[in-house]
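Undergrad: Mind having a look at this structure? Questions to follow.
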Amino acid sequence: MLPIDSTKKLSFNRNISDGDLVIVYEKHDAMKAVKVCEKSVLENRFGVFKHSDWIGKPFGCKVSSHKGGFVYLLAPTPELWTLVLSHRTQILYIADISFVVMYLELIPGCVVLESGTGSGSLSTSLARAIAPTGHVYTFDFHEQRAAAAREDFEKTGLSDLVTVGVRDIQGEGFPKDLVGVADAVFLDLPQPWLAIPSAGEMLKPDGVLCSFSPCIEQVQRSSETLTSKFTDIRTFEVLLRTYEVREVKMDQSQSEEGTPGSHRPCKRKHRASDASLWQQDNSGSPVVMARPSSEARGHTGYLTFARLKCVA
Ligand SMILES: C[S@@+](CC[C@H](N)C(=O)[O-])C[C@H]1O[C@@H](n2cnc3c(N)ncnc32)[C@H](O)[C@@H]1O
């Protein structure tokens, strides 16, 4: 049973305290994690911000610098942490992470095994999904990476939910004391097929495994290994298309035709089925438009899922 404290730490429905981690938000692509320390200041292009002014304010608040600039102080949720963490390895991002959490069928109380830990990007979301009574056991054979991940889980308040082990999972498999305890196993390893037999031993009957691989050759090799003990083998590639939503001024002719490269704006205001595109009725007034982002992320990898066969 986990100490009740871990539930409290996961809740951001409270005010900022000395020692808390906050995400200082300038804009969606300019954020950084800062540990609040009463005597410290944050300096950026908007001025100097005293941490002491932040203490006692709610997460999500807007705070001002000595010269009137401002930033937002956001809670270190897994969604934001993934965007600000220090990259020690390639990491999983939100599109793949959300898919993994859903298809591994994670709910509070689940036990999840993961390897490798890498930068802990996925582990952070796994931990929140199984909190407050579940547990994530994550393994990496790289000692410094494992230690850095442990420090990060301390900072983000997840250390009661995640145990980081140093182990060569491809060579040795998962530890024998975890046999049969896992609801789900996640592999992000260069040769996942070497770890699949051990992952199968760790899973409860009907448990789900997911393996992330950047190349289709790895998927084929993993799938061959999966067929002996697993069923319902499926591979997905999650391709995310991001849209930029901007307010623009248009003249009447443009508003009739739409703008090149964008979707033609819809003349209706806030129609529920067309919520991303709309315009105000008066020509010349600002129009809100959505267009595909030029920085859209393409291929990240393949997610192969499989369910352990139940032996009657
Ligand atoms: C791409 S990273 C994982 C990133 C992680 N999914 C994330 O979202 O932050 C792969 C990790 O696997 C670890 N690794 C590679 N081979 C391993 C092995 N045989 N046993 C354990 N870990 C291994 C590497 O050290 C590396 O940290």
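Every residue, even glycine, has its Cβ placed from backbone N, Cα and C.
TrEMBL entries are annotated by machine, without manual review.
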Undergrad: Taking D53, D140, D232 as the options, which does TrEMBL list with S119, G120, S121, L122, D168, D188 at the S-adenosyl-L-methionine site?
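TA: As annotated by TrEMBL, S119, G120, S121, L122, D168, D188 share the S-adenosyl-L-methionine site with D140, chosen from D53, D140, D232.
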Undergrad: Going along the chain, which residues six or more apart from L122 (S-adenosyl-L-methionine binding site) have their CB under 8 A from its CB?
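TA: Residues satisfying the criterion: I91, L92, I97, V100, E114, F186, D188.
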Undergrad: Using DSSP reduced to three states, classify D140 (S-adenosyl-L-methionine binding site) as helix, strand or coil.
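TA: Assignment for D140 (S-adenosyl-L-methionine binding site) reads strand.
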Undergrad: When you look at S119, G120, S121, L122, D140, D168, D188, which the record names as binding S-adenosyl-L-methionine, what is the longest CA to CA distance in angstrom?
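TA: Among the residues the record ties to S-adenosyl-L-methionine, max Cα distance equals 20 Å.
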